[in-house]
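Positions annotated as active site, proton acceptor by TrEMBL: D325. As annotated by TrEMBL, 3-phosphoshikimate binding site applies to K27, S28, R32, S173, Q175, D325, K352. Under the heading phosphoenolpyruvate binding site, TrEMBL lists K27, G100, R128, Q175, R356, R401. What TrEMBL records for 15-434 is domain 'Enolpyruvate transferase'. As annotated by TrEMBL, region 'Disordered' applies to 1-26.
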Amino acid sequence: MHAHDPQPMEFGPLGPLQGSTRVPGDKSISHRALMFSALARGRSRIQGLSGGGDVMSTAAAMRAMGATIARAGDGIWEVDGVGTGGLLQPAQALDMGNSGTSTRLLMGLVATHSITATFIGDASLSRRPMNRVIEPLSRTGAEFTASPGGRLPLTVRGICPAAPISHSLKVASAQVKSALLLAGLNTPGVTRVFEPIPTRDHSERMLRHFGVDIQVEERDGGRDIALRGEAELEAREVQVPGDPSSAAFLAAAALIVPGSEVRIEGVSVNPLRAGLFELLQLMGGDIALDNPREVDGEPVADLHVRHSRLRGIQVPAHLVPSMIDEFPIWFVIAAFAEGTSRAGGLGELRVKESDRISAMAAGLAEIGVRAEESPEGLAIEGSGGAAVPGGGTILSQLDHRIAMSFAIAGLHAQRPVRIDDMAPVATSFPAFQSTIEGLAA
Ligand SMILES: O=C(O)C1=C[C@@H](OP(=O)(O)O)[C@@H](O)[C@H](O)C1
Ligand SMILES: C=C(OP(=O)(O)O)C(=O)O
């Protein structure tokens, strides 16, 4: 059902990258903007929504459950919500495509409505673990029937009224946290989540923007979150900032291609998302966060990045959660630094769209970069700024971030790097190639 024609493509040097550009709306914030406005009463207006495939999977699911979602212009969407408790029984299985965030957050929403929904997805999503949400959500009284190993396809039989739950996260995961908070919206009483390690807090910030009573307190280095249920969300205007996880690829290109200087405007620099930029500064990268401001409760800045001599580094453990999706492109950046770079504590990377540790180790070997894989990490030997050998073919494995990371490596390689399939890039950054070409022109 999800088979697509592979789009093989070669990436070689294009010369220095120069000029200003923008990136798509933040994917995490876009999912939440659609879900919360679809749940609010009245008409919300979203500006800067990501047009990527993952966010469109969320839009299709919210429509299938009763919301009206219409595109009113470039990146502008209008959503008529159903009101908390008002989700309708979907007529067919909800197709989540490649999107883990859509799946796990919507499982939380469905769990506390009187509806039953089946979730399906592509081959990558169908390998990803869902027990991390099934187990805590089962305590609401909802029932789950999953494929072996807690995988898709799976069916959620929601319950209303549900029981409020109190849960301490076992893995640092904003998706699990958000699934439980979303389940709490249509539940009497207070839903509580404790996260020992803080993760991206877009759900908390945006629920507050939609008028929900949500309290966050710091405790023992983590966060206690309490959400008052039977919440009425009020329709809102939401402006979605640029996606730092997409900007990361352009920043990487500017850092490694000699002579480059690039500005990326209006990027989210939420401290729980901006770990990569801090790490690159520690490595000697010339990255400035200009014109800092706040947009609808989210910190935003313009990134100014220049080609830099980078020093290898051991990634400080406290930065890992705030750059969890940026490790594939960071491994590529490390391949151009001086000396060896190392990162550990990355077990979660093995359960993303691909096993990102082994996919990156295999790809780096393919382009002539020495890298050593360990159960939870990777060590990369850098070229000291010289072009890497390149050549070879990278298997993108239905993982947009693997495809984009090696495309960037090709921009400073002795021989072009071939990617077997660039189609997955459309899940988060459909204009990736044209944006790079625009900066090189
Ligand atoms: O909540 C979110 O929007 C996301 C949380 C992270 O996943 P985990 O919760 O599995 O760490 C991240 O990798 C994903 O791309 C988006
Ligand atoms: C892990 C990612 O997304 P998701 O979990 O939503 O599939 C990602 O975009 O890197």
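Cβ from N, Cα, C; glycine included.
Overlay of TrEMBL annotations on the structure.
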residue : record                           : DSSP (3 states)
K27     : 3-phosphoshikimate binding site  : helix
R32     : 3-phosphoshikimate binding site  : helix
G100    : phosphoenolpyruvate binding site : helix
R128    : phosphoenolpyruvate binding site : coil
S173    : 3-phosphoshikimate binding site  : coil
D325    : active site, proton acceptor     : helix
K352    : 3-phosphoshikimate binding site  : coil
R401    : phosphoenolpyruvate binding site : helix
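All protein chains included, R401 (phosphoenolpyruvate binding site) registers 29 other Cβ atoms within 10 Å of its own Cβ. As a whole-number mean, the pLDDT of the domain 'Enolpyruvate transferase' (15-434) in this prediction is 98. Across the fold, the C-alpha of R356 (phosphoenolpyruvate binding site) and the C-alpha of K27 (3-phosphoshikimate binding site) stand 19 Å from each other. Proximity to ligand 1 at the level of Cβ atoms, with a cut-off under 6 angstroms, picks out S28, S173 from the binding-site residues K27, S28, R32, R128, S173. In this structure the C-alpha atoms belonging to R401 (phosphoenolpyruvate binding site) and K27 (3-phosphoshikimate binding site) are separated by 13 Å. Of the binding-site residues S28, S173, Q175, S28 has the largest number of other Cβ atoms within 10 Å of its own Cβ.
Across the structure, Q175 (3-phosphoshikimate binding site) and R128 (phosphoenolpyruvate binding site) are spaced 13 Å apart at their Cα atoms. Of all the binding-site residues listed here (K27, R32, R128, R356), the one with the fewest other CB atoms within 10 A of its own CB is R128. D325 are the recorded positions among S28, R128, D325, R356 whose C-beta comes within less than 6 Å of an atom of ligand 2, given in sequence order. Here the Cα atom of S173 (3-phosphoshikimate binding site) is found 11 Å from that of G100 (phosphoenolpyruvate binding site). Checking each of the recorded positions G100, R128, D325 against R32 (3-phosphoshikimate binding site) by C-alpha distance, the shortest gap belongs to G100. Every protein chain considered, the tally of other Cβ atoms within 10 Å of the Cβ of K352 (3-phosphoshikimate binding site) stands at 20. Of all Cα pairs drawn from K27, G100, R128, Q175, R356, R401, which the record names as binding phosphoenolpyruvate, the longest spans 19 Å.
Within 10 Å of the Cα of R128 (phosphoenolpyruvate binding site), the following recorded positions from the list K27, S28, D325, K352 place their own Cα: K352. Spatially, by CA atoms, the recorded positions K27, S28, D325, K352 include one closest to G100 (phosphoenolpyruvate binding site), and that is K352.
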